[in-house]
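Since the structure comes first, as structure tokens, the remarks are kept for the end.
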Amino acid sequence: MSIARASTRPGDTGDGAERGELSTLDALARTLSRDEDDGVDADARAVGIGDDVANDASTRAEEVRARRVDEVRRERARRETTPEGPTTSWKPWWSPLSTVYNVPTVEPAGAYFLAMLHAGAFVADLALLKLGYGNGGDVFLKLALFDNAVVYDSQWVRCFTACLVDFGLLHFAAVNLALVTIGAEAEAIIGTSPFLTVYILSAAMGGIGSMALDPSTLHVASSDGIFGVFGAMLVYAAINVENEWNMKGFTVRLLYCGAFAAALQYLASVPTEDGGHVVNSVGHLWGFLAGIVMGYTGLSPMFTSKRFETPPEDRMNVVDVTSGPPKTFAALGALSFTILSLCVVVLLKRTLDVDPRDVF
């Protein structure tokens with residue numbers, strides 16, 4: 001090495017050679033020491049970087065776990081306020097449930113309440129007749145829709161109360177059987193408030209349509225409300241493409257609606273003694289169209305699906321994207337349109353002395 005050759009150059013004394021060798025060893029030691037220090041520092045830095053990486057990974061994992069726990073907690077809270085899946089008393093005679101989705105449902109109460117009101121009016125008239133205090137139709141006459149009472153006496157409320165009475169025993173049986181079967185199922189699916197809104201306003205529109213276009217002057221609108229429920233359920237099946245994920249339930253419900261519609265239409269075809277039709281096809285058509293419109297504008301649920309981590313099952317939950325304010329606005333819009341339609345018919349009949357049948 002060049003350093004060694006410099007230490008043994010000719011002319012150097014022994015002490016100089018010794019000092020040269022020591023100087024060489026010292027330089028070598030210092031070099032090795034610096035290398036060792038640099039290695040230690042590098043190792044220390046490497047260990048520090050590794051610790052930082054491990055700490056960052058641990059922190060991220062904790063954040064992910066915290067987010068998952070928070071999502072599960074919020075989902076559990078949401079489920080407590082928005083129950084999903086079948087009602088606790090899903091009746092065996094209702095249409096079958098889906099095996100793909102958990103459809104949000106409610107316990108039906110409005111349909112049963114309406115059926116009790118129908119039964120109460122029917123039994124009250126029968127009881128008054130048996131007791132000799134009436135002619136068997138006192139309650140009916142106070143609630144049914146008479147054209148002259150609405151047009152000339154401003155008894156507009158009859159358009160809404162006419163959905164609570166029936167014309168004859170067969171009509172009473174058909175309407176109330178429809179309420180406690182397909183009506184209760186429809187309420188379980190679309191909700192109590194939307195169901196009552198669809199039934200009452202569809203019946204009112206059916207009565208208004210009968211006033212405008214049917215020659216009879218006496219109308220009952222309970223079956224018009226049933227047709228409105230049919231229309232809303234048809235929209236529900238269409239906008240959610242139910243036939244693709246619940247073909248059996250869709251088919252059974254369609255058959256139910258078809259059977260009741262055929263029975264009610266048959267009763268509408270039977271004239272009274274004077275040749276009129278207290279239950280008429282015009283009211284059924286207007287009620288059905290009103291139910292379709294209300295269902296399409298938001299009263300029929302429109303679902304979006306999402307798979308949740310809990311509960312662990314194969315079926316997916318669905319959420320109604322029209323819940324909340326959209327349903328309220330749809331109901332208010334339907335009520336406003338119903339009142340406007342009534343105003344138009346009354347205006348033509350009373351103020352202008354024009355029969356709407358001559359206009360339309």
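Residue numbering: from 1, along the chain as shown.
Cβ from N, Cα, C; glycine included.
Taken from TrEMBL, the feature region 'Disordered' covers 1-88. Marked as compositional bias 'Basic and acidic residues' by TrEMBL: 59-82. Marked as domain 'Peptidase S54 rhomboid' by TrEMBL: 154-299. Summarising the annotation, TrEMBL assigns transmembrane segment to 164-184, 196-213, 219-238, 250-268, 288-308, 329-348.
Scored on C-beta pairs under 8 angstroms, the neighbour of the transmembrane segment (164-184) with the top count among 196-213, 219-238, 288-308, 329-348 is 219-238. Across 196-213, 219-238, 250-268, 288-308, stretch 196-213 shows the highest tally of CB pairs under 8 A with the transmembrane segment (329-348).
Ranked by number of Cβ pairs under 8 Å to the transmembrane segment (250-268), the listed stretches 196-213, 219-238, 288-308 are led by 219-238. Each residue of the domain 'Peptidase S54 rhomboid' (154-299) gets a DSSP state, and the totals for helix, strand and coil are 115 helix, 2 strand, 29 coil.
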